[in-house]
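Visitor: Reproduced below are the annotations present in Swiss-Prot:
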| type | residues | note |
| --- | --- | --- |
| COILED | 148-216 | coiled coil |
| COMPBIAS | 229-241 | compositional bias 'Basic residues' |
| MOD_RES | Met1 | N-acetylmethionine |
| MOD_RES | Thr2 | N-acetylthreonine |
| MOD_RES | Ser23 | phosphoserine |
| MOD_RES | Ser25 | phosphoserine |
| REPEAT | 10-31 | repeat 'LRR 1' |
| REPEAT | 40-62 | repeat 'LRR 2' |
| REPEAT | 63-84 | repeat 'LRR 3' |
| REPEAT | 86-107 | repeat 'LRR 4' |
| REPEAT | 109-128 | repeat 'LRR 5' |
| TOPO_DOM | 2-244 | topological domain 'Cytoplasmic' |
| TOPO_DOM | 266-307 | topological domain 'Lumenal' |
| TRANSMEM | 245-265 | transmembrane segment |
Amino acid sequence: MTKAGSKGGNLRDKLDGNELDLSLSDLNEVPVKELAALPKATVLDLSCNKLSTLPSDFCGLTHLVKLDLSKNKLQQLPADFGRLVNLQHLDLLNNRLVTLPVSFAQLKNLKWLDLKDNPLDPVLAKVAGDCLDEKQCKQCANKVLQHMKAVQADQERERQRRLEVEREAEKKREAKQQAKEAKERELRKREKAEEKERRRKEYDAQKASKREQEKKPKKEANQAPKSKSGSRPRKPPPRKHTRSWAVLKVLLLLLLLCVAGGLVVCRVTGLHQQPLCTSVNTIYDNAVQGLRHHEILQWVLQTDSQQ
């Protein structure tokens, strides 16, 4: 790359008063460091070179009052171009500019501007006008500054709107996060209360079980003497042998019937002379005589009469 220092010698040699002419120097880049060392050079001519860009530190040359960048290949100006607040005269004729940086609105001292022969944005081209003479170039400077201030204001409003949207979104996120945290705190609080209630119930149940176990031996101890000192259960009175007596009576009745039948046969019929009947009659007479004095028979007869 060709620099002014190497092609044109020392810059101080080219300084004429406050004017520094570096035009037609076949420059591909601006010697910013060397220019910064010459604050006296308030008028700088860089026209008719091969500059396609300006470095960002070029905007630090705030001592510049008049700047000629015409007939180069500039496609854009640095974003901080507005730092050149002392600039009054700016020639950008015949470059490749489409737009200007928003900071251009900060060039409050700009009185003269030429933007002819640039592929400007249609809106900016209409604002800049033709700039065919001194008057039109002054009007161009004023109108372009007003336009860039409006663009800057629009961008600032848009920036503020985006910031507001971001703030609202942040507030919503914070509110959502706070609601989530509050919900989590409430959930933890409820779980803690439920756990405490569960433990309390377990504690009460353990105490109740312990009291019940302590009461049990006392109850058994109180019931033990009662079982010893209490009267024995009374045995049910012996049941009367009604059925046995009935069977006995039936047997006796059958026996009596048999005996009576035999007696009748032996006493009434003509068989009483038979040896068997004689024996039967004798036994009968003896039995009747003995039974009349027998205590068992008397007891049976008495029992029967009582029933």
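Cβ coordinates come from backbone N, Cα and C, glycine included.
Owing to the predicted nature of the structure, the values given are computational and were not obtained by experimental measurement.
Map these features onto the structure and tell me what's around them.
Guide: For the coiled coil (148-216), the mean pLDDT of the prediction comes to 91.
Look at Ser23 (phosphoserine): DSSP puts it in coil.
Tertiary neighbourhood of the repeat 'LRR 1' (10-31): same-chain residues 1-4, 37-38, 40-52, 54-55, 58, 68, selected by CB-CB distance under 8 Å and a gap of 6+ residues from either end.
Within its own chain, the repeat 'LRR 3' (63-84) has Cβ neighbours under 8 Å at 23, 39-56, 90-107, 114, counting only residues six or more beyond its boundaries.
Through the fold, the repeat 'LRR 4' (86-107) approaches residues 42, 47, 62-80, 113-121, 124, 141, 144-145, 148-149, 151-152, 155 of its own chain, all at least 6 residues removed from its boundaries and within a Cβ separation under 8 Å.
Each residue of the repeat 'LRR 5' (109-128) gets a DSSP state, and the totals for helix, strand and coil are 7 helix, 3 strand, 10 coil.
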Visitor: Among the modified residues Ser23, Ser25, point out the residue whose Cβ has the most other Cβ atoms within 10 Å, with all shown protein chains included in the count.
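Guide: That would be Ser25, with the most Cβ atoms nearby.
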